[in-house]
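Asks: The structure is given below, and queries will be raised subsequently.
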Amino acid sequence: MKRALALMGLAFLCVLRAGAAQQTVDDACSVQILVPGLKGDAGEKGDKGAPGRPGRVGPTGEKGDVGDKGQKGGVGRHGKIGPIGSKGEKGDSGDIGPPGPNGEPGIPCECSQLRKAIGEMDNQVTQLTAELKFIKNAVAGVRETEQKMYLLVKEEKRYLDAQLACQGRGGTLSMPKDEAANALLAAYITQAGLARVFIGINDLEREGAFVYADRSPMQTFSKWRSGEPNNAYDEEDCVELVASGGWNDVACHLTMHFLCEFDKEHV
């Protein structure tokens with residue numbers, strides 16, 4: 001269409017130029033009007049063109065059906081060893097096993113001689129026990145009850161240092177928890193010629209709440225002197241035993257002798 005319009009314009013221009021120059025149409029311009037022909041036959045199929053650019057991503061399709069279960073895979077590598085579990089509860093005792101075979105016959109016993117030897121050994125043990133008790137009482141200065149042993153340490157120390165000294169010997173500061181033990185300790189320091197010693201009672205953790213050196217609470221027994229404990233000057237958190245058997249709260253930084261206590265099972 002555009003080509004036809006261009007040819008018609010060219011023909012019109014030639015006519016104008018011819019009129020201006022007063023020349024004949026044949027002399028001025030020779031015009032040929034081209035008319036489009038009929039549509040030709042379809043040509044042969046051309047070669048395959050180059051691949052086009054990728055198109056836009058289409059919309060997400062619907063979720064497909066679940067596929068068939070695959071075959072079991074091979075055994076994988078061993079994983080790392082996990083943490084050790086907590087200890088389980090103790091199991092029930094097993095059934096009693098069958099009796100074992102009888103042993104070989106023993107050597108005939110000469111019982112009369114053995115009984116005599118055992119009797120002599122019992123006498124020696126009794127004698128040695130009495131001698132040991134005498135040595136502990138007379139030489140080492142130890143006092144005993146059925147369950148406890150007490151040692152008077154004639155070294156002046158502050159309360160906490162005295163407690164450490166007793167612990168270093170395998171015991172603790174003495175803790176009289178009944179009248180008998182308290183009377184024994186009072187007689188002990190009287191015989192030693194002392195007026196007072198540290199014992200294992202204090203209220204270091206909470207004022208007025210006296211406990212024993214092993215932190216067990218005091219029960220019903222106590223031997224406080226009249227007007228004690230009074231926490232004079234707000235610094236009396238430790239306890240002394242005087243020769244009369246009474247207790248008095250004193251400052252822990254004072255130095256004095258002290259009594260250690262030991263369990264017989266651990267001596």
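Each residue, glycine too, has its Cβ placed from N, Cα and C.
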Asks: With reference to Swiss-Prot, specify which of the listed residues Cys109, Cys111, Cys166 is paired with Cys260 by a disulfide.
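Replies: Among Cys109, Cys111, Cys166, the record in Swiss-Prot lists Cys166 as the disulfide partner of Cys260.
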Asks: Among Arg196, Arg206, Arg215, which residue does Swiss-Prot name as a further carbohydrate binder in the site formed by Glu236, Glu240, Asn248, Asp249, Val250?
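Replies: Record check against Swiss-Prot: carbohydrate site with Glu236, Glu240, Asn248, Asp249, Val250, extra candidate from Arg196, Arg206, Arg215 is Arg196.
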Asks: According to Swiss-Prot, Asp234, Asp237 bind Ca(2+) 3; which one of Glu179, Glu207, Glu265 is annotated to that same site?
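Replies: Candidate listed by Swiss-Prot for the same site: Glu207.
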Asks: Under Swiss-Prot, the annotation coiled coil belongs to which of these stretches: 75-109, 110-144?
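Replies: Of 75-109, 110-144, Swiss-Prot gives coiled coil for 110-144.
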Asks: Fewest other C-beta atoms within 10 angstroms of its own C-beta: which of the disulfide-bonded residues Cys166, Cys238, Cys252, Cys260 fits that?
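Replies: Result for the disulfide-bonded residues Cys166, Cys238, Cys252, Cys260: minimum number of other Cβ atoms within 10 Å at Cys252.
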